[in-house]
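As annotated by TrEMBL, GTP binding site applies to 26-34, Gly72, 128-131, 174-175. Residues or ranges marked as Mg(2+) binding site by TrEMBL: Asp28, Thr33, Thr50.
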Amino acid sequence: MSPDRLYGALTSLGLRQEEAKILFLGLDNAGKTTLLRMLKHERLVLHQPTQFPTSEELSIGKIKFRAFDLGGRQIARRAWPDYYAKVDAVIYVVDACDRERFAESKRELDALLSDEALAKVPFLVLGNKMDIPHAASEDELRYHLGITDFTTGKGKVNLADQTARPLEVFMCSVVRRMGYGEGFEWMSQYIK
Ligand SMILES: Nc1nc2c(ncn2[C@@H]2O[C@H](COP(=O)(O)OP(=O)(O)OP(=O)(O)O)[C@@H](O)[C@H]2O)c(=O)[nH]1
Ligand SMILES: [Mg+2]
């Protein structure tokens with residue numbers, strides 16, 4: 001996706017009075033911090049596992065929103081619920097190559113999806129690391145996350161006719177800068 005389209009996708013976030021609050025969640029090693037750094041600095045940086053929650057104002061073009069990177073290690077996950085109030089969107093990152101942990105990732109995603117505090121919040125699931133040849137396909141990831149029947153479609157939505165919680169899967173590679181822009185574009189339709 002071109003920077004212009006990504007910019008366009010995020011424009012709606014910038015029209016708000018307050019910053020949108022977006023949580024970056026998912027297991028450790030999924031690529032959350034790498035994505036955040038890429039969005040913020042447009043370059044690839046290597047990271048230590050995130051030990052403490054961080055929050056940053058992100059701007060892409062003139063658009064600002066606040067992103068919370070809470071860390072995905074088991075101990076860090078315990079703090080996730082402290083951040084659920086007034087969330088505008090959740091970006092749930094999955095390592096699409098780490099099949100051994102799909103079940104664990106599904107458990108955490110299920111817990112998030114069934115949390116009352118996040119009941120109406122749009123979820124963008126990013127299947128990351130598509131640049132690695134044995135990465136799972138989008139269908140495979142949907143299947144293992146158990147959300148095949150719950151995703152709401154990638155097209156433009158009629159917000160007035162919205163009964164199901166917005167939930168979609170986009171495959172991406174943060175290191176190749178592919179895929180997540182389309183995901184943001186989809187998600188931005190739901191952020192009012
Ligand atoms: N091949 C490949 N590796 C990636 C990609 N995105 C991230 N990684 C690598 O995945 C590893 C983990 O990335 P992080 O961004 O630190 O993961 P995290 O989700 O923040 O992990 P925690 O902080 O422990 O929750 C790093 O070695 C990254 O370089 C990608 O698109 N492709
Ligand atoms: Mg991290």
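Each residue, glycine too, has its Cβ placed from N, Cα and C.
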Local backbone state of Lys32 (GTP binding site), from DSSP in three classes: helix
Conformational class of Val174 (GTP binding site) under the three-state DSSP mapping: coil
Fewest Cβ neighbours within 10 Å, where candidates are the binding-site residues Gly26, Thr34, Asn128, Met130: Thr34
Chain-mates of Asp28, Thr33, Thr50 with C-beta within 8 Å of site centroid, Mg(2+): Asn29, Ala30, Lys32, His47, Gln48, Pro49, Asp69, Gly71, Gly72, Arg73, Ala76
Three-state secondary structure, Met130 (GTP binding site) (per DSSP): coil
Around the Cβ of Val174 (GTP binding site), the count of other Cβ atoms that are within 10 Å: 25
Intrachain C-beta neighbours of Thr33 (Mg(2+) binding site), sequence separation six or more, cut-off 8 angstroms: His47, Thr50, Asp69
Neighbour tally for Lys32 (GTP binding site), based on other Cβ positions within 10 Å of its Cβ: 28
